[in-house]
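Taken from Swiss-Prot, the feature active site, charge relay system applies to Tyr95, Glu135. Feature annotation from Swiss-Prot assigns heme b binding site to His85; the stated evidence is sequence analysis. Annotation comment: Swiss-Prot describes Tyr188, Arg204, Gln205, Tyr206, Ser207, Cys389, Phe390, Gly391, Pro392 as FAD binding site. The feature NADP(+) binding site is assigned by Swiss-Prot to Gly268, Val269, Gly270, Gln271, Thr272, Pro273, with sequence analysis given as support. What Swiss-Prot lists as domain 'Globin' is 1-136, and the listing cites sequence analysis. Residues or ranges marked as domain 'FAD-binding FR-type' in Swiss-Prot: 150-255. Among the features that Swiss-Prot reports, region 'Reductase' is placed at 147-396. Among the features that Swiss-Prot reports, site 'Involved in heme-bound ligand stabilization and O-O bond activation' is placed at Tyr29, with the record citing sequence analysis. The site 'Influences the redox potential of the prosthetic heme and FAD groups' annotation in Swiss-Prot covers Lys84, Glu388.
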Amino acid sequence: MLDNHTIAIVKSTIPLLAETGPKLTAHFYDRMFTHNPELKDIFNMSNQRNGDQREALFNAICAYATNIENLAALLPAVERIAQKHTSFNIQADQYQIVGNHLLATLDEMFSPGQEVLDAWGKAYGVLANVFIQREDDIYRSTETKTGGWSGVRPFRIVNKQLQSSVITSFTLEPTDGQPIADFQPGQYLAIYIKHDSFANQEIRQYSLTHAPNGKSYRIAVKREAQGTVSGYLHDTAREGDIVHLAAPHGDFFLDIPTDTPVALISGGVGQTPMLGMLHTLKQQDHQAKVLWLHAAENGTAHAFTDEIEQTGQALPHFDHHIWYREPQQTDRPGEDYHHSGLMQLASLKGELTTPDMHYYLCGPVVFMQFVAQQLLAMGIPAEQLHYECFGPHKVV
């Protein structure tokens, strides 16, 4: 526990942090990667270049300083980050490295004096221990469960299939032929790739797109403009190639009784965790209403269309609505899609305000914000909305 004097000192630095903004974390990351370049094998350097990770860390530091007297308010964020950390195989000793560079950054940018540095050192130590303990629990659970493992495990690509103009799916089986760990629908895999064309090892996380079967995993990857890993997987990876995976992780997953109505709402490649949820609902013989709402650019970018329709038909109360932002001439209204333009939900208010319905959202942040605002305006309680951001977390 932190004493009141330490808490007061940390809180007194909040205005300075807010004024500095993400320049603080830019300095931190530049310093850390200069002194500990081996950490480039863990961090997504694309997120460093576009500033997303720097912004996310800055927001996390400010949130911690603001809530330092109420750590319970941070527990959802701690769980989300701990799940990501364990997929990256973060170890306890790496927290010491991060802490050293954080304090050095504060000193180099602000020269706040030893009392402030000592207070932040204590505060960081408390938070680091929270993460270390939670991550240790996750590691033990992952390793000891049926089919589980620690670290990474080699898998073979047994099927590679183009699902749309921008999305390709990969089915992966363990090279040792042994069982693999089950997962919650909506969770993701971390894939570790080393290639001669890469400056560093690259780790990416991709949602699982099927229900657990104990034998294989399936992910789907969107080709990103200038994406290092997505470009490699689309253009270079072949069936028979070996990749290394961490066990499934993630705090965004379907967890409702079979009599609870659910809406699965996605934009673009955000449908991938929803697809895993849909297959699981079928596997569980879900009896309540299931709404599938999806927005795509057009028919060429719309993936898994037949699979979704066939899976939905096996559910007793399934309905779906598809939006194409800019339909092509070959896209058939009423068959390929039902609405054009953005996902406007007013016409579906009767279906969406079903009592006790839960809503799962995934897609671009602006898409999820747009949808969430509409749902909240309908009077839907915020606690019934669940969402996942691909990449560094942002508030919807």
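Count begins at 1; order follows the chain as displayed.
Placed from the backbone N, Cα and C atoms, the Cβ positions cover glycine too.
Shown on the structure are the features that Swiss-Prot records.
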residue	record	contacts (Cβ under 8 Å, 6+ apart)
Tyr29	site 'Involved in heme-bound ligand stabilization and O-O bond activation'	Phe43, Gln48, Gln53, Arg54, Leu57
Glu135	active site, charge relay system	Ala82, His85, Thr86, Ile90, Ala92
Tyr188	FAD binding site	Ser87, Gln205, Tyr206, Ser207, Leu208, Ile219, Pro248, His249, Gly250, Pro273
Val269	NADP(+) binding site	Val166, Ile167, Ala220, Lys222, Ala303, Gly363, Phe390
Gln271	NADP(+) binding site	His294, Ala303, Phe304, Cys362, Gly363
Thr272	NADP(+) binding site	Tyr206, Ser207, Leu208, Thr209, Ile219, Ala220, Cys362
Glu388	site 'Influences the redox potential of the prosthetic heme and FAD groups'	Gly186, Ser207, Gly250, Phe252, Gly270, Pro273, Leu361, Cys362
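Sorting each residue of the domain 'FAD-binding FR-type' (150-255) by its DSSP state yields 8 helix, 45 strand, 53 coil. Other residues of the same chain near the NADP(+) site, with their Cβ within 8 Å of the Cβ centroid of Gly268, Val269, Gly270, Gln271, Thr272, Pro273, are Ser207, Ala220, Lys222, Ser266, Gly267, Met274, Leu275, Cys362, Gly363, Phe390. Between the C-alpha atoms of Tyr95 (active site, charge relay system) and Lys84 (site 'Influences the redox potential of the prosthetic heme and FAD groups'), the distance comes to 15 Å. Counting other Cβ atoms within 10 Å of each Cβ, the lowest count among the binding-site residues Gly270, Pro273 belongs to Gly270. If you draw a 10 Å sphere around the CB of His85 (heme b binding site), it holds 21 other CB atoms from the protein chains shown.
In this structure, Glu388 (site 'Influences the redox potential of the prosthetic heme and FAD groups') is part of a beta strand by DSSP.
Around Ser207 (FAD binding site), taking its Cβ as the centre, 28 other Cβ atoms fall within 10 Å, counting all chains.
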